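Trainee: Below is a structure I'd like to ask you about.
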Number of protein chains: 2
Amino acid sequence: MIRLDATSADFADRFADLVDARRESATDVAQGVATIIGRVRTEGEEALIELTRRLDRFDPVETGWAIDPADCEAAYNALEPGLRTALDLAASRIRAYHERQRPTDTDYRDEAGVRLGARWRPVDAAGLYVPGGRAAYPSSLLMNAIPARVAGVERLAMVTPTPDGQVNHLVLAAAHVAGITEIWRVGGAQAIAALAHGAGPIAPVDVVTGPGNAWVAEAKRQLYGVVGIDMVAGPSEIVVVADARNDPQWIAADLLSQAEHDTVTQSILFTDDAGFADAVTSAVEEQLGTLATGAVARTAWDANGAVIVVPSLAQAMPLVDRLAPEHLQLAVDEPQDLFDQVRHAGSVFLGRHTPEAIGDYVAGPNHVLPTGRRARFASGLSVLDFMKRTSFLGLDETALAELGPATVALAEAEGLPAHARSVALRLRLNR
Amino acid sequence: MIRLDATSADFADRFADLVDARRESATDVAQGVATIIGRVRTEGEEALIELTRRLDRFDPVETGWAIDPADCEAAYNALEPGLRTALDLAASRIRAYHERQRPTDTDYRDEAGVRLGARWRPVDAAGLYVPGGRAAYPSSLLMNAIPARVAGVERLAMVTPTPDGQVNHLVLAAAHVAGITEIWRVGGAQAIAALAHGAGPIAPVDVVTGPGNAWVAEAKRQLYGVVGIDMVAGPSEIVVVADARNDPQWIAADLLSQAEHDTVTQSILFTDDAGFADAVTSAVEEQLGTLATGAVARTAWDANGAVIVVPSLAQAMPLVDRLAPEHLQLAVDEPQDLFDQVRHAGSVFLGRHTPEAIGDYVAGPNHVLPTGRRARFASGLSVLDFMKRTSFLGLDETALAELGPATVALAEAEGLPAHARSVALRLRLNR
């Protein structure tokens, strides 16, 4: 953890170092991923079988590729009732929030008599990657599947690794809640390749989303253009802007809720009170000792944590914009003025009673958010990621007479005579 | 050109071949591009100077990197008046269409008392690539720059190669119309790298758009994630659905307006009348002989053109969806029924008097559209490509009491105790 004071002489340099620090793994799996994609494309199911036997240590020919939706329903019914209610609440609130994201079509006639507009349609099929093991979060499944459903996607194909043949019952229960009925026991780059190109029993899809390890992320990157993908995600991060009237324990827990995800995550506190900064730092140390995820959180906090004291919270906001954080908590009584200053952030959590964790699960907005300063140009996952827009126009003879001559002039200037001719013929011009 | 009949026994196979045919260059420039990006990143301006001297054969140290906006204004004033009017008309109509794409923010309170919403903001800076040489289209400059302006992007940085130091006056004039004042004489992968990472006088941007050759496209692909990019574009294509009541010469010109762009473009006609198919084929042959771009168009038409006779135009529409074409013309009197069937197309041109060329220049919708079947999942360039969405939420104590327990349950089930604690502390639960 570093501690910075915005009034110190070396602050500009040290803050710039913090902004530029790269926490993303430089592991180069590009060649290995390219090989897997090539194999799945040419060998199809044979490649999936061989890779799954070797990497996931079970035989998909014996188990079958598909997970039965009845198993998902059974997993849901077997959940502890409080957890079942929690999953249902999360799904229903996520659905309600995303329903407001459905785009509106346009269709109008302008003063030149031209009919113009744009029409949104869902993709035909979306593929959803769900990791196995420690990073298998049922909440992520809901965050990916529900926007696709709200978009109106007819076919949703889920892939998930089942190492040693073992399924994750919490993930199956979430699949049931999300209404997913097509689930394949395959993971890694080979699963992404199968979704993009089709292989064995898996028909190709149009968009692939969902978190995964470095191999999954690289496969999505390489197949971008063959299919649509969500933004490649890096390590998670949180910025908390807090005044001294917060309980230091609350803020410490907020910082640690990011740190416990992974050793490369980042938690940053901005405050206008040096004593409060000390109190939060102490509370972090105290809580680290009692946290089951303490070892991971300790490594992340020590390596990437930062506590920054600023003369006023308003002065923190341009610094926050440079970080363009995935998550931004504004822990003050009246957050609106600070919020109005924010240009770049994935998601903002307003006020003392809005810990980021609420947004991870049940609030409604998507928790798949741009990381690594990508909030400068990228947005969280939404219904729009599962839809596309077709523009259209229609002219009658009168409208063409009005717009035609300019088109002919521009086409000729660009050296495209057939373009000019397609208009000129209709205008009965000699060309 | 191939001719297919939808009622013939081998149609399914032959149409599948047409859908699967790859026209995208397999040129592997990935390693060369990676080297250039690495050099620009580490050597900065020195790399730009060396590459520009070698590849564009002029000395940017002598000429300076910047093109003076006064030169753009002079180029505009020197235009033939008809062309000046045409550029102004195009710009004003493109602006009007894109202004309707500005997204709406949301901010509401739901029944649980949670404040929820999403806020759109423009990116701080956008980089626009404008090719030199034959593919330097002023219309593309307008199609890329105007959506960025409408989005509210404050800084728009244009890069364009000036081989042998020569500028393209039509492009400079279009830059003036688009109000671009920051223009750099640099092209190729090195220009994209300079925009993404910053180099020499060029400050980094957040989004890079605009067409380019294979090196430019690969540089954008490799830098996706460092910056936002528009969809990687492949060869252009058009599908025309036409009944026998069209003038065959009009439809032939429409097919050729795509073919003249490049030898790898594709033009496909669907018609329900074999005699009309013959007539269009003859008209294409006839026009090819009189077209200044005839050699290019001939190669494209011979290699990739297709004429497909279907029993009825309605039966063509599922086939069109499988092609998911960049451009789709519905050349019939009443196109609405056919249009209602379309799921996948970049842009649709309705009726006999709406040749695709109108959409390339002055109609208003963007002509940067998804190619190579990407209309299955991608949309044309829009104002949204230059903006991003920040979600937000705010809870008070009452709302947290309502949503908190479900969050604690889910966080504990996912093995994330600090997440649970950040909520439990605020609820005064013992955890």
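In case you wondered, yes, glycine gets a Cβ from its N, Cα and C as well.
According to TrEMBL:
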- A:Glu326: active site, proton acceptor (ACT_SITE)
- A:His327: active site, proton acceptor (ACT_SITE)
- A:Tyr129, A:Gln190, A:Asn213: NAD(+) binding site (BINDING)
- A:Ser236, A:Gln258, A:His261, A:His327, A:Asp360, A:Glu414, A:His419: substrate binding site (BINDING)
- A:Gln258, A:His261, A:Asp360, A:His419: Zn(2+) binding site (BINDING)
Trainee: Within 10 Å of each Cβ, count the other Cβ atoms, then let me know which of the recorded positions A:Glu326, A:Asp360 comes out lowest.
Mentor: A:Asp360
Trainee: Taking the Cβ of A:Ser236 (substrate binding site) as reference, which residues of that chain separated by at least 6 in sequence fall under 8 Å from it?
Mentor: A:Gln258, A:His261, A:Asp262, A:Thr265, A:Gln266, A:Glu326, A:His327, A:Thr371
Trainee: Of A:His327, A:His419, the recorded positions given in the record, which has the fewest other CB atoms within 10 A of its CB?
Mentor: A:His327
Trainee: A:Tyr129 (NAD(+) binding site) to A:Asp360 (substrate binding site): how many Å between their Cα atoms?
Mentor: 18
Trainee: Would you kindly determine which recorded positions in the set A:Gln190, A:Ser236, A:Glu326, A:His327, A:Asp360 have their Cβ under 8 angstroms from any Cβ of chain B, listing them in sequence order or replying 'none'?
Mentor: A:Asp360
Trainee: Can you give me the Cα-Cα distance between A:Asp360 (substrate binding site) and A:Asn213 (NAD(+) binding site) in Å, rounded to a whole number?
Mentor: 19
Trainee: Given the recorded NAD(+) site (A:Tyr129, A:Gln190, A:Asn213), which additional residues of the same chain have their Cβ within 8 Å of the Cβ centre, ordered by sequence?
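Mentor: For the NAD(+) site, the extra neighbours are A:Pro131, A:Val159, A:Pro161, A:Gly187, A:Gly188, A:Ala189, A:Ala191, A:Ile192, A:Gly212, A:Trp215, A:Val216, A:Ala219.
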Trainee: Near the Cβ of A:Glu414 (substrate binding site), how many other Cβ atoms are there if near means within 10 Å?
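Mentor: Other Cβ atoms found within 10 Å: 20.
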Trainee: Let me spell it out: for each of the binding-site residues (A:Gln190, A:Asn213, A:Gln258), count the other Cβ atoms within 10 Å of that residue's Cβ, using every protein chain shown. Which one has the most?
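Mentor: Max Cβ neighbours within 10 Å, all protein chains included: A:Gln258.
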Trainee: Within 10 angstroms of the C-beta of A:His261 (substrate binding site), what count of other C-beta atoms is obtained when all protein chains are considered?
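Mentor: Result for A:His261 (substrate binding site): 23 other Cβ atoms within 10 Å.
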Trainee: If you measure A:Asn213 (NAD(+) binding site) to A:Glu414 (substrate binding site) at Cα, how many Å is it?
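Mentor: Each residue's Cα considered, A:Asn213 (NAD(+) binding site) and A:Glu414 (substrate binding site) end up 47 Å apart.
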Trainee: What three-state class does DSSP give A:Asp360 (substrate binding site)?
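Mentor: In the DSSP reduction, A:Asp360 (substrate binding site) maps to helix.
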